[in-house]
Every structure is written in structure tokens, then in C-alpha cells.
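Record features (TrEMBL):
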type: TRANSMEM; residues: 25-42; note: transmembrane segment
type: DOMAIN; residues: 27-575; note: domain 'Amino acid permease/ SLC12A'
type: TRANSMEM; residues: 54-79; note: transmembrane segment
type: TRANSMEM; residues: 99-126; note: transmembrane segment
type: TRANSMEM; residues: 138-155; note: transmembrane segment
type: TRANSMEM; residues: 175-200; note: transmembrane segment
type: TRANSMEM; residues: 230-250; note: transmembrane segment
type: TRANSMEM; residues: 270-289; note: transmembrane segment
type: TRANSMEM; residues: 421-439; note: transmembrane segment
type: TRANSMEM; residues: 451-472; note: transmembrane segment
type: TRANSMEM; residues: 515-535; note: transmembrane segment
type: TRANSMEM; residues: 555-571; note: transmembrane segment
type: REGION; residues: 600-635; note: region 'Disordered'
Amino acid sequence: MPTNLEGGLRRSPHATPLKRELGRWQIFMITISTIIGIGFITRGGEILAFGGPATVLLSFAFVGLVAVAVMEGISEMVVTWPISNPMVEFVRRFVDRDFAVVVCVAYWYTWAITFAALISTAGGIVKYWNDSRVAETLVYVLCPLLVFFINFNTVRASGLQPPNHRSMLISFQLFGYIELFGGVLKLLILFMIFVIMLCLKSGVSWADPPCHNYITDGFKDTPEVGSSRGILVLIGINLAVYPFLGVESVTMTAFEAKDTRELKPPAKNISFIVLFVYMVSIISMLLNVQSDDRYLMVYYKQWNQTGDNTFCSSTTSAAAASSPTPALNFLLRPRAENAVNNATRLMPVIATDNFHVAHLGGAVNACLLYSAFSAANSALFVASRTLYGLGSSIQRDEPSRVLRFLATFGRVDGNGVPARAIIGSMFFAWVPFVSLGDADTSTGTDNMQDILQSVGTTSCILVWASQALAFLRYHWWLRRHHTELKGQYRKFDRWVAESGGGGRGLSWLEFAQPWLAWFALVASLVILFVFASAGLWSENERAREELVVKTLDQYLGPGLLLVMFVGLKIVKRRWWVRLGDWDELRETLNDLNELVMPSSAPTEEVRHNGSLGQHSGSDGGEMFELRANGEATRT
């Protein structure tokens with residue numbers, strides 16, 4: 001029985017499967033490239049400007065814990081079932097079929113918007129060297145084109161032969177190896193920045209010595225943003241969500257992993273690694289950048305950042321600091337020889353320039369530009385795989401023209417690449433061009449980044465909440481029938497493992513479930529419905545100037561998704577998934593098992609028979625082989 005958009009029992013037999021060739025390091029680096037871009041630097045600087053270093057650290061630590069809690073549940077389920085679009089499928093099986101459609105659209109929407117946000121950020125980074133509209137326009141044109149060709153990764157240009165099995169394999173693996181290299185390079189860049197920040201703080205001979213320990217400044221009051229420090233912290237927490245978007249993107253590679261042995265390490269460890277990298281990197285930057293620095297991004301243009309760092313080391317800097325002549329203020333913050341002075345900077349660049357290190361600021365800025373490009377590449381990958389999953393879940397003979405159109409996104413080309421889904425996921429690539437219409441090129445780009453990042457944040461928080469809810473219902477259903485979990489279903493019995501003093505090794509904090517999932521669900525909903533609105537609470541006139549824009553940024557996406565959900569409920573007239581008796585649970589578990597396609601099965605065979613068998617790797621369960629006639633047998 002084929003599935004449809006609202007959730008049937010199986011994938012459409014017409015869906016074209018992706019190739020399963022990703023190893024653990026490719027999966028890990030694709031995920032790293034997706035998560036770790038420059039979002040934590042841009043958001044960290046923005047929070048620092050209005051809340052001080054203490055607000056930055058508190059915000060990132062809290063959101064990091066929420067991300068860990070969300071990933072603990074996701075890791076357990078995705079390692080058990082490495083299927084296509086797992087987050088959507090889990091909601092479909094354990095929560096609600098209509099809600100699953102909403103989650104799929106929300107996740108695609110999140111990453112399609114994030115792709116545009118990263119392009120906009122890249123345009124802002126280039127302004128360090130050239131703040132002309134021409135330079136910014138070139139970034140908005142060339143960056144999407146380069147990312148598209150990397151994601152498309154066809155090998156036809158290198159030969160005249162028609163696509164065959166080997167060319168499909170090479171084509172598919174190309175993206176994985178590009179991301180493997182890119183992820184390693186990105187981690188090296190972060191390590192380099194970390195070392196530079198420590199060197200600047202320690203007072204090396206090639207830089208001006210520091211004269212203040214900025215990280216000890218604690219909290220900061222900015223009434224133009226929030227009337228109290230508590231409100232500023234809530235706004236900071238909401239902003240800190242954006243850098244953690246993608247911690248769940250390991251699920252998008254699950255269906256393309258060689259087996260669960262390759263998938264388990266990235267799924268289990270990614271949230272902890274990202275939290276550690278963020279906290280260490282941010283602390284090193286906060287050592288060298290003060291919250292009043294005038295080159296930090298200003299939250300919705302709500303105040304004028306006019307502060308200047310003070311240097312104690314040189315006669316020139318001291319003279320400039322005491323001089324009433326405004327022109328001499330530029331001596332306080334020497335720039336790279338070709339830098340402009342009216343655009344915002346990223347924290348590492350601010351630090352290197354303020355310490356008067358010739359050319360280093362430009363080099364760091366170039367590395368961060370690469371990070372933005374790499375993150376945009378990965379964002380398009382996740383968005384296209386989500387759209388592919390949506391399209392492949394629809395029958396191509398649906399009576400609705402809209403559904404038949406959506407089904408086309410489930411096709412792949414001769415090289416195994418979901419080309420239509422990639423093109424469809426670039427839908428918002430035009431949005432950064434809107435910032436070119438702003439009279440002030442600097443604030444126009446900053447505002448566009450704020451808007452796009454906020455839109456993507458609220459939608460992804462909704463996805464996080466859906467995953468926590470799916471795990472809670474899955475856990476409760478298993479617990480209700482745990483005495484029936486015997487034989488081939490014994491691997492689902494977590495209570496036997498816990499009573500024996502061990503675990504199943506699917507996540508690090510299995511013992512804390514379901515309390516971790518409850519924390520993830522409640523925290524996600526509080527961030528979405530409470531913290532996201534904190535920027536609207538202040539009675540300060542400047543803080544309320546952008547009230548309408550903020551409201552649309554935070555709630556337009558969730559509002560449209562709510563309308564979609566209500567519309568589906570009215571049309572379909574069905575309730576939530578019933579967590580019924582053992583037979584219903586067993587059928588659900590079997591259906592999910594059947595969606596796990598063995599990596600050894602030839603693509604052509606799967607296309608013809610549509611039979612899906614489990615490849616369980618080392619995680620228990622049964623191994624399935626696919627016979628030539630399409631019949632699956634246990635071994």
C-alpha cells in the first residue's frame with residue numbers, strides 16, 4: 001500500500017531512492033558544516049552589544065542544554081530507524097499525520113530561509129573590504145550559483161559517456177567528500193581563531209597589549225532593547241537558538257548512511273561537541289571584545305552603538321583617547337589597509353583590528369566568509385533532502401495537481417541527485433537582494449540578517465518540540481506494552497537494559513528519559529511562545545519602534561503553519577495517532593522497519609519492487625536480504 005502526503009503505511013513504489021554511501025566522518029562533517037557556520041559569531045556579537053558577556057554565556061549555555069535534550073531523543077529513534085525524512089516519519093507514526101505534513105514544510109522552510117540568511121550574512125562580511133552595492137550584489141549572485149553546482153555535483157562535464165552505476169556512485173560521493181574536507185577546514189578555522197584570541201589576551205609581541213578584562217563586565221543594561229536584565233536575557237536566549245539550528249540535521253543523512261554503525265557516533269555526540277565548541281570559542285572572543293564596541297551588530301537598529309575600545313599601550317592610542325578631535329578616534333581602532341569603517345564586524349575581526357595587528361583582520365574575515373559559504377552549502381543540502389522526502393512520500397498519480405507537482409520533488413536524476421528538490425529549495429535566494437534597496441547599505445544588510453534568522457529560528461523550534469513530543473509518545477507506547485517486547489522486538493525494551501545496569505548505547509543519557517524529553521518539549525514551547533516575544537515587552541519608545549516587524553519575524557511562520565494544520569484537520573477530519581493495543585504498536589514498528597532500505601540492495605531492484613528491508617548494523621534486530629524477485633527474507 002503506497003503512502004500519500006497525509007501519511008499512509010509505506011513509501012510510494014515510484015519514489016526514487018537516494019544512494020547509501022556516507023561514512024561516519026562524512027555524516028559528522030556534513031552536520032558540522034550545517035551547524036557551525038558564523039551564526040554563533042553574529043548572534044553572539046549581537047547579544048553582547050545589548051546584554052553584555054554574561055548574557056551571551058547564559059543564553060548559549062541554556063539553548064545548548066535544550067539542544068542536547070532534543071538530540072537525546074532524536075538519536076535513539078534515528079539510530080533505530082535510519083530512514084528518509086525520519087523527523088517527519090516519527091511525528092507521522094507517533095503523533096499526528098497532519099502535523100507531520102506541517103513539520104515537513106516547517107523544516108524545509110527553516111532551511112530554505114537559513115540558506116538565504118547565510119547568503120545575506122556573506123554579503124555583510126564582504127563589506128569589510130568594499131561596502132559598495134556592486135560587491136554585495138556579486139555575492140548574492142555568485143554564492144547561490146556556486147552552492148547550487150556543488151549540491152548538484154554531476155560528473156557529466158568530465159566525460160561524454162551516459163550515466164552508469166559507477167558515475168552515480170562518484171557523483172554522490174563527491175558531495176560527501178567536499179563536506180568532509182569543508183568540515184575539517186571549518187574546525188581548523190575555529191581552532192585558529194581560538195588560538196589568536198588567546199594570544200591577543202596574553203599580550204603577544206606582535207599585538208598591542210590588552211588593558212581590560214572585558215569578559216568580567218557581566219550583564220549590561222540597554223533600555224532601548226529591554227526594560228530589565230531579565231528581559232534582555234530572554235531576548236538573548238531566543239537569539240541564541242539560531243546558531244544551534246542544524247543540530248538535528250544528522251537525521252537528514254540517516255537514509256544515506258552505509259549502516260547504523262556509521263550513523264550512531266555522529267548522532268550521539270554532535271550536540272555535545274557543538275555545545276563545547278561554541279562555549280570555548282565564544283569565551284575566547286569575549287576576552288577581547290567589549291560590549292560597547294561600535295562595530296557590533298545592533299539589535300533591530302534600536303540604539304546607536306558609539307563606544308570605543310581604549311588602548312593603554314601606545315602613545316598614539318593614548319593621545320587619540322584623550323583628544324577632543326573626533327577624527328583621531330579612528331586611531332583607536334586601526335583597520336586593515338582596505339577596510340571600510342561604516343559596516344558592522346564579526347567579533348574575531350573586531351578583536352584583531354582593535355589590537356592593531358596588520359592584515360590579520362582581513363585574513364580572519366576571509367576565513368569567516370568561507371564558513372558562511374560552507375554553511376550555505378549544507379543548508380541547501382538539508383533543505384533539498386527535506387523537500388525530496390516530502391515529494392517521495394506522494395503518489396505521482398494523485399488527482400490533485402498540487403500533490404502531483406510536489407511529487408516531482410521526489411525524483412532524482414541519472415546521477416542519483418534530487419535536482420528538482422535542490423532547485424525548489426533555492427526559492428528564497430532572491431530575498432537578500434531586498435536589502436539593496438535600503439538607503440544605508442550597512443543597516444539594510446544587518447536588518448535582513450535579523451529578519452531571516454528570526455524567521456528560521458521560530459520554525460525550527462517548532463520542529464524541535466515536535467521531536468520531543470514524538471519521543472514521549474513513542475516511549476509511553478513502548479512502556480505500556482513492554483511485556484510484549486520479546487524476540488525480534490526485544491531491542492525496543494529499554495527497561496530490561498536499564499534493570500541490568502546497562503543501556504542500549506543509542507544515546508548517552510538514556511537513563512534520564514523521559515524527563516529529558518519533557519524538558520526539551522517544555523523548553524522549546526517556552527522559547528517559542530514566551531522568550532520569542534520578549535522583544536515586544538519593553539515600554540521604551542525605541543524598543544517598540546520595530547514592534548510590527550518583530551512580531552512578523554517571530555510569528556508569521558508559525559502562524560501560517562497553524563493555518564495549514566487547522567486546514568488539514570478540517571479537510572481530513574481525523575484525530576491524533578491512537579496509541580492502541582499491542583497489535584497496533586507492532587504494526588507501527590514493522591512499518592518503520594520496512595522503511596529502512598538495505599544499503600547493499602541495487603538501486604534498480606528497489607525501484608522495481610519497492611520492497612524495503614532493514615539493515616541494522618550492530619544495533620540488534622534482524623538483517624534482511626533482498627532476493628531477485630523482490631521477496632525479503634530474514635537471515
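Cβ coordinates are placed from backbone N, Cα and C, and glycine is handled just like the others.
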Contact between the transmembrane segment (99-126) and the transmembrane segment (138-155) (at least 3 Cβ pairs under 8 Å, separation 6+): yes
Best-contacting stretch, by C-beta pairs under 8 Å, relative to the transmembrane segment (54-79) and drawn from 25-42, 175-200, 230-250: 230-250
Region pair the transmembrane segment (25-42) / the transmembrane segment (421-439), three or more CB pairs under 8 Å: no
For the transmembrane segment (138-155): best-contacting stretch of 421-439, 451-472, 555-571, by Cβ pairs under 8 Å: 421-439
